[in-house]
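Features of the protein shown, as given by Swiss-Prot:
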type: BINDING; residues: Gly81, 84-85, 91-94, 109-117, Ser121; note: 5-phospho-alpha-D-ribose 1-diphosphate binding site
type: BINDING; residues: Gly81, Asn112; note: anthranilate 1 binding site
type: BINDING; residues: Ser93, Glu227; note: Mg(2+) 1 binding site
type: BINDING; residues: Arg167; note: anthranilate 2 binding site
type: BINDING; residues: Asp226, Glu227; note: Mg(2+) 2 binding site
Amino acid sequence: MDIKQALKKLVASIDLSTEEMISVMRIVMTGGATPAQIGGFLVALRMKGETLDEITGAAMVMRELATPVNIDVDYLVDTCGTGGDGANLFNLSTASAFVVAAAGGRVAKHGNRSVSSSTGSADVLEAAGIKLDITAEQVARCVKEIGVGFMFAPSHHSAMKHAIGPRRELGMRTIFNMLGPLTNPANVKRQVIGVFNGELCKPMAEVLGRLGSEHVMVVHAKDGLDEISLATETQVAELKGGEIREYIIKPEDFGMQSKSLIGLSVSNAEDSLLLIRDALGNRRGQYAEKAADIIALNAGAAIYVSGVAGSLSDGVEMARDAIGSSLAGEKIRELAAFTQYLQ
């Protein structure tokens with residue numbers, strides 16, 4: 001199937017099969033489509049609504065074309081959101097990664113610069129002095145020696161260069177927001193993934209099951225966050241042992257009070273980093289305690305999924321301990337120093 005045939009089907013609201021999606025994505029990712037065709041394809045796919053088969057096929061192609069990172073460690077996990085929730089919260093999944101590492105987990109963090117929000121994970125890490133342009137082998141060293149390593153998406157998904165222009169010009173979430181968490185170059189089998197729509201929780205878990213994941217939590221909060229929220233209930237689809245369980249969690253389940261998200265939005269990477277450092281440090285700012293609580297909820301989920309904690313409640317408690325001891329904040333400085341040392 002060529003991209004023109006795919007566009008005709010999508011405009012007519014006809015779903016593509018996994019095989020058809022694989023064919024079209026190979027064209028897109030190998031330079032066989034024009035920017036106009038790529039933009040039209042992404043918009044038509046979004047307007048129709050992406051199906052399980054379409055997401056799976058696209059993820060398979062991106063994995064096939066990725067530059068892999070080989071990391072042989074226990075308790076390896078990724079924390080990643082799809083973005084596109086419009087909340088412009090500080091980089092919560094990035095902050096959570098350092099807490100997980102401080103609690104004994106290992107994080108192979110996959111991310112990029114901002115596309116649809118005020119700041120992406122790469123932006124805030126760069127602001128912290130963490131070197132992004134490192135090899136796959138150096139990423140593996142970071143994970144093994146510091147407990148957390150960052151895989152800058154353009155370095156591992158070079159085929160994405162063909163879609164970068166159309167994505168930026170569209171300025172809205174597309175299927176590529178979903179593909180980021182599904183295409184971790186370290187082939188991580190354990191993940192906490194936030195999605196921009198609650199209807200995606202179970203399908204994303206199902207796609208990851210098809211792709212070989214072992215333990216995954218896919219989350220979406222009722223206030224629209226692609227994270228576990230401190231303000232309201234959060235919908236969860238948990239893949240474990242080949243089965244998917246759906247349930248609802250809320251801050252009170254973990255001994256926390258629900259709090260509004262006022263003060264947790266940022267306009268740039270520097271503001272995001274300041275709030276993260278305050279939350280993981282002395283917590284002197286007006287919103288630092290609130291930020292620390294929401295980080296603990298999300299990091300706790302990753303600690304649980306990694307296998308370090310036996311339950312979600314235990315994971316949240318371990319996250320709070322790691323934050324309170326300032327070990328998590330120290331991990332940011334350790335990773336910055338280590339990456340600058342790498343040659």
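Cβ coordinates are placed from backbone N, Cα and C, and glycine is handled just like the others.
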Do you know offhand how many angstrom separate Asn112 (anthranilate 1 binding site) and Gly81 (5-phospho-alpha-D-ribose 1-diphosphate binding site) by C-alpha?
11
Of all the binding-site residues given, namely Gly81, Asn91, Thr94, Gly111, Arg167, which is spatially nearest to Glu227 (Mg(2+) 1 binding site) at the Cα level?
Gly81
So, three-state DSSP: helix, strand or coil for Gly111 (5-phospho-alpha-D-ribose 1-diphosphate binding site)?
strand
Number of other Cβ atoms within 10 Å of the Cβ of Thr94 (5-phospho-alpha-D-ribose 1-diphosphate binding site) across all protein chains:
29
Given the binding-site residues Gly81, Ser93, Arg167, state which is nearest to Asp226 (Mg(2+) 2 binding site) when distance is taken between Cα atoms.
Gly81
Quick check for the class: what is the C-alpha distance, in angstrom and rounded, between Thr94 (5-phospho-alpha-D-ribose 1-diphosphate binding site) and the residue listed as 'anthranilate 2 binding site'?
22
Might you list, by sequence position, any residue in that chain lying six or more from Ser93 (Mg(2+) 1 binding site) with a Cβ less than 8 Å away from its Cβ?
Thr79, Cys80, Gly81, Lys109, Gly111, Ser121, Val192, Gly194, Glu227, Asn298
Whole-number Å only: compute the distance from the Cα of Asn91 (5-phospho-alpha-D-ribose 1-diphosphate binding site) to the Cα of Arg167 (anthranilate 2 binding site).
21
